[in-house]
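Marked as cyanocob(III)alamin binding site by TrEMBL: T50, S51, Y52, Y53, Q54, D94, N143, Q188, W302, Q303, L304, L312, W334. Taken from TrEMBL, the feature disulfide bond covers C63-C105.
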Amino acid sequence: QPQTGRLALYLLGLRATCPPAEPHRRLVTWLKYHLEEDWTGSRQHGHPLTSYYQYGLGVLALCVHHKRVREEVPRRLLAARHHGRLGHGGTAVDTEAVVALAFTCLERRGLVGAQLAGELREAAREVSRSMAEAQGPDGTIGNIYSTPWALQLFLARGVCHMEPAYGRAVAALLDNLDAFGTAATMAQVLPVLHGHSYLDIASMHCGEEPDTLTPIDMEPPAEVPGNKMVRLVVECPQPWCSELRLYDQQVPVPAAASLLDVLRVATTQEPRFTFDTQDTPQGPFLTQVLGLEARQQKRNYWQLLSAPGTPLVMGVADYIPRDGETLILRLSEW
């Protein structure tokens, strides 16, 4: 499996630390290799082996490192966006923003021909406009985690002063800073709070950067005493299952338990309950419940809901259920 996204994030972080000389040139070459390996998945499935998010992140990282890509590479992303293949909900916002950032970088850096540059500029403008129109009443764009990506696009395109959506989205981030508890989510939101996007990494003047990377002592979070009861429901609608509700049980857990902890306790409480997760930069992603696997090829995923039907904006490892809350894992289509 290509490591496109992970290698892209590593190279973006490496460039941001102003490394001496270029010890990372071999890694850039590896990223180019993974980008091509990733696309071999399209011959069988019609999409990269990883995802369009990771593929777009790879193009962005190469551009930030001032590396040209074959024009076929951004044209693949243009075609995917034209045919509506870039995801669902907050995932679509993440992917479209990353892809549009890559487009903006290639166009601004002059790494593609004039005709393609015009197409990329227009596509990025359309994505920016659609994100402003998709802003919710709470100020988020997609969800709280996809909002920083949308704001990075506004910043990269220099349209913040023209977008009322920008100020409302920043206010939503400031009201929900506790949601950004992992290194990956912090890396997305911190540049925005300082008025920057990942594109700014490409033009950093490293000689002017002070060495401020000093370790700090982190105190472990205080334990929350007591226990709570969480009702766990698994739903599988047609056409995947003939019966909608496959599982419905009360699960006793410690008061500080996350949804992931609830799932783990459920496996010990009833052997037939099983689940699997996949590690991502944003934390564990639920891929299988009760033997039913969500697959990108089938365009389905495990949606996390708080009853009766409120989508969770956090992942399984970050969401802390309330005592007496009913959580629904629903196999859904995107």
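Cβ coordinates come from backbone N, Cα and C, glycine included.
Bear in mind that TrEMBL entries carry predicted annotations, made automatically and left uncurated.
Considering only the binding-site residues T50, Y52, N143, W302, L304, C63 (disulfide bond) has Y52 as its nearest partner by CA-CA distance.
The Cβ of W302 (cyanocob(III)alamin binding site) lies under 8 Å from the Cβ of L286, T287, V289, A294, L329, R330, L331, S332, each of which sits 6+ residues away along the same chain.
Here the recorded positions are C63, C105, L304; the one with the fewest Cβ atoms within 10 Å of its Cβ is L304. When Cβ atoms from all protein chains are considered, those within 10 Å of Y52 (cyanocob(III)alamin binding site) total 25, not counting its own.
Taking the C-alpha positions, the distance from C105 (disulfide bond) to Q54 (cyanocob(III)alamin binding site) comes to 16 Å.
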